[in-house]
Structure formats: C-alpha cells, structure tokens
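Features as listed in Swiss-Prot:
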type: BINDING; residues: ASP16, HIS17, GLY18, LYS19, SER20, THR21, ASN132, LYS133, ILE134, ASP135; note: GTP binding site
type: DOMAIN; residues: 4-185; note: domain 'tr-type G'
Amino acid sequence: MEQKNIRNFSIIAHIDHGKSTLSDRLLEHSLGFEKRLLQAQMLDTMEIERERGITIKLNAVELKINVDNNNYLFHLIDTPGHVDFTYEVSRSLAACEGVLLLVDATQGIQAQTISNAYLALENNLEIIPVINKIDMDNADIETTKDSLHNLLGVEKNSICLVSAKANLGIDQLIQTIIAKIPPPKGEINRPLKALLFDSYYDPYKGVVCFIRVFDGCLKVNDKVRFIKSNSVYQIVELGVKTPFFEKRDQLQAGDVGWFSAGIKKLRDVGVGDTIVSFDDQFTKPLAGYKKILPMIYCGLYPVDNSDYQNLKLAMEKIIISDAALEYEYETSQALGFGVRCGFLGLLHMDVIKERLEREYNLKLISAPPSVVYKVLLTNGKEISIDNPSLLPERSKIKAISEPFVKVFIDLPDQYLGSVIDLCQNFRGQYESLNEIDINRKRICYLMPLGEIIYSFFDKLKSISKGYASLNYEFYNYQHSQLEKVEIMLNKQKIDALSFISHKDFAFKRAKKFCTKLKELIPKHLFEIPIQATIGSKVIARETIKAVRKDVIAKLYGGDVSRKKKLLEKQKEGKKRLKAVGSVQLPQELFSHLLKDED
C-alpha cells in the first residue's frame, strides 16, 4: 500500500461516549471482515473490559477501506476514556497523525473530553470533532456544536454527526478521515526506526511487541536492537491485527503492527522504547511518550503465603502490558510477604487486582491505598513515604507535606452549590469557575490527593445524580498538619491498617474505622479490643464480644459445682486465648474499608 493511502488515527473521548461502538462500525466497513464474527466491544478483548463496559487497554487494528474505487489502509487505535488510563491515550497518540474527538450529544463535553483534546493538541495532531448518539431523543446537537466550537475553534458545519449504534453518518466520517488526517511521512529506504507503544506476555511466544514503524522496513529474521535496554533480538514472526492476529512478511514505514522475537527477559522490553537495526549506532531515539508517575500506592498480599512466588512471577508479566504500574517487594508484620504497587487511581488498582486474581489464579488481600508524603526530619533530611506504617515518630518530624491535585469538575448548573460544598468538606481550595455552555459549568479546586482517593468520586456522582464528570492532575506539595493513626487488634499493632489523616478529621475517621472493623471482623472465642491510637494516646475504641460456647449443654441435672467447674475452665481458656490468640482477618475486609465512610 502506498503511504499516501495510509491513515493512522485514534478515537479519544470521555468514558461511555461510544468509542468502542464506533470502532465496531468502522470494523464493519473493512473489506474482507466477516460481519458474522462481529460482537459488541470487538476491540475490548479482556473479560474484565466486557463485564465493566469500559475500555482499559488500547487496541490497534488494521482496516482495509474502499472509497470511490480507491483502497485505503486505516490503522485505528481504540483508547480508554477513564482518567486513570490517560497514559494509554498518550501512548496511542505517539503512534498517530490524527484523532477523532468523540462527544456524546446527550451529555456534551465532559472533563476527559477536554483533557484528551489538550493531549492531541500537544502532539500536533489533526483533530476531527465527532458528535455521537445524534438519534437519541435527548440529544442536544446545537449546544454540543457550540461547546466544540468554543473548545477547538472549529467551524460548526465541519463537525461530523454520527450515531455509532444506528450506523448513521459513518460513510461521511470515513471520507472526512481520508480528507483531513495526513498520511505518514516516513521513508522506506531510510534505516529502521520504530516506536514500541504496547506489549504483552504470551506463554508460548514470549513478549509480543506492538510497534509503529516510522522509517525503514522490518522483516522476519531481521536482527533489531532496543535502544534503551541495548538488547538485540531476531524477529521470529510479525504481522498486523485485523482484529485477529495475521502474519505478514514485512512491516514498512507507516505501518502499525506486532512482532515476536522469543523475548523472555521481561526487563529488556520498555514501552516507549525505540527499535532500530542491531548494527545501527547513529539513529536517535524517538520522543516516545511522557512517563506518568503513580498517584496512589497500595500493598497486595497473597492470602496463602505459599503463593508469594506466584505473585512475583505474575507481577513481572503483568507490568509488560501496563507501563504505568510500579511495584516493589515488601513485608507486613500482619499480612506477611507481598508487593507494594503504584497505581494511577482506584479504578487502576481494582483492575490490576482483579486481573491478578483471574489471570493468575491468586487470592489477594489489598491494604488501604495511600499517597506519597514528603517528610522533613528534625535533622534536616527529607524522605518520601508511601506507606503510613513507615512514618517516623512525631518527635523526629519537623514538617509533613502532602500532594495536592488540580481537580476539574464539569457539571450542570443545578448541582453547582452542592458540589462546591462537597469540595470544601474535602479541604478543597477554590481556583476558578468557567462556563462550558448555557447549562454547564466547569469548576476548578486544589485538593489533597489523600482526601479524594477514597470516597470523593462516589459522593460526587451521588450528589450530581451521575451528571458530573471529574479530571485531575498533579499540582504541588503543601505543608499540612497530618497525624498517623495506628490500629491495634487485641493490643497488637496491625501495620497494614495504619493511615494518615489531617488532625482535624483524625478522631472522626478513627471512630468510623473502628466501627467498621467491628462490623467486618467475625467474632472469635475471645474478646477483641479494637483501638485507634495517635502515638501512645488512644483516640477511639470498639470491642468485639467473644462468641459464647455453651459448655454446660451436655450436662443434665447433677451437682451445681460441676457446672461451675466447667464455666471456670472456660473462663481460664478464654484468658489464655486472649493472650496468645491471633485475630483472623477476612479477605474482603480491606475492600470494604475503602467504601464510603458515611
């Protein structure tokens, strides 16, 4: 295929605006694709994506399109819409020349729409605005056009109108893609230069790499070098996705495809790396994409300690397909060996935990998530803490700083007052208020990340009846009056349950934490005191009463002294159990603790 007939583009949008459905419609227009094979969310290949109805992983496919008897090759990359997976979008854009910016006509522009539009502008990509769901009764097409005009400065009559579900406007959209998105500029005769934008682990092939070839040509048996790791491998097989894996003899400049090279050393493959010929020492690496740092950290521990080695192997494999995931090994006094992982948000954390349990057959306990605090010690040294249990004693701390994020909330006018109150309750600092269109506003607050990772998003959705959308980005670190609250069960500190809270909210949260633990931990044969402490001071307490075994049930009649003897024996046994007995924590304990504190 000549380069002038190739188009590389992504579909970007806010979550649930119809990206995957539009991808399905474009697939139907591909020559040679059998419609009987089509199913909803065709490009969402993970079971968890289909169950949740969201896209988690980017997916690249090749489409053969015929327009006016001219053949074209589309390389479409379907991207996620949730704020936690912005890094997947940034990787997709590095492999494209243009994007379709999709907006739901019933919901209008939302937080992630604006964020994704800015990402495309930063990458100097051609943006085609598309309004979806135009056949819905509550579609507000004119207002959505006005919003897109204000955001991008585009002419209203140039905006594509489609209904992906009803297959309306798709032919016109395809013609617009051909007319507006430029073809790739690479040259086949130049030395090989390709961007590795995604990868995953196959138990038979090793690491399978997804690449965009910018210059040159890649063939089976070619030797290639990863610039960052300086590793050399020989290509075993290569091809494209249609969306099924198809083998090819070569990939050339402008193509988006995959290759396998028997790569078993997982650390040799880094997403964002540049691939060149093995003897090429002069080609400079591509810009790749911006590395995104984790926002929250959480410990994952196997329920059965014998699964620890399996967890280590699973983490090594899963990180290949998730460039934003970070982890290190750690030990908890209460939960044993595990890994401490860095995630981009709570949804990212839930997805990784669920993938580990499903794909690698592990049963895991997750500790409450935490953010990274910067601690200035009295000796002048500054340290970073992502685990509350590692916070030094108060006497050794001069100051603690916590991360603040800039939060953008798009919402209808009628919920503005309630959402402002919510932000204030979460220690928000007002920044700005702007009008999106006649009925919608965008407010901006500076908020502590540690406050919003728990229940802020759920409360926002509840207050706004689901109409508010949220996006956030790291802003800075600010000094705060924070305290470490430690939880003791049966007078033993449980390090995995420690948390850091602002001193104004410490008592209230500790009290609710203890109450929840009392509800979640099953009764034992001995009484269990639950205490929340700051330093040596107990600030909250609950008690789980002992379950009573009826030791005198087997007696009938007889001397009362026999009954007393059995009751005294039970009393002594419970005293011993209380001294040496261990408290069994249920697997679902920590996930329930993360839910709304009200």
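Even glycines carry a Cβ here, placed using N, Cα and C.
Neighbour counts of Cβ atoms within 10 Å were compared across the binding-site residues SER20, ASN132; the minimum falls on SER20. Summarising the environment of ILE134 (GTP binding site), the number of other Cβ atoms within 10 Å of its Cβ, over all protein chains shown, is 19. Spanning the residues ASP16, HIS17, GLY18, LYS19, SER20, THR21, ASN132, LYS133, ILE134, ASP135 that the record associates with binding GTP, the maximal Cα-Cα distance equals 18 Å. Across the domain 'tr-type G' (4-185), mean pLDDT in this model comes to 80. For ASP16 (GTP binding site), the number of other Cβ atoms no farther than 10 Å from its own Cβ, over all displayed protein chains, is 16. Other C-beta atoms found within 10 angstroms of the C-beta of GLY18 (GTP binding site) number 23, with every protein chain shown included.
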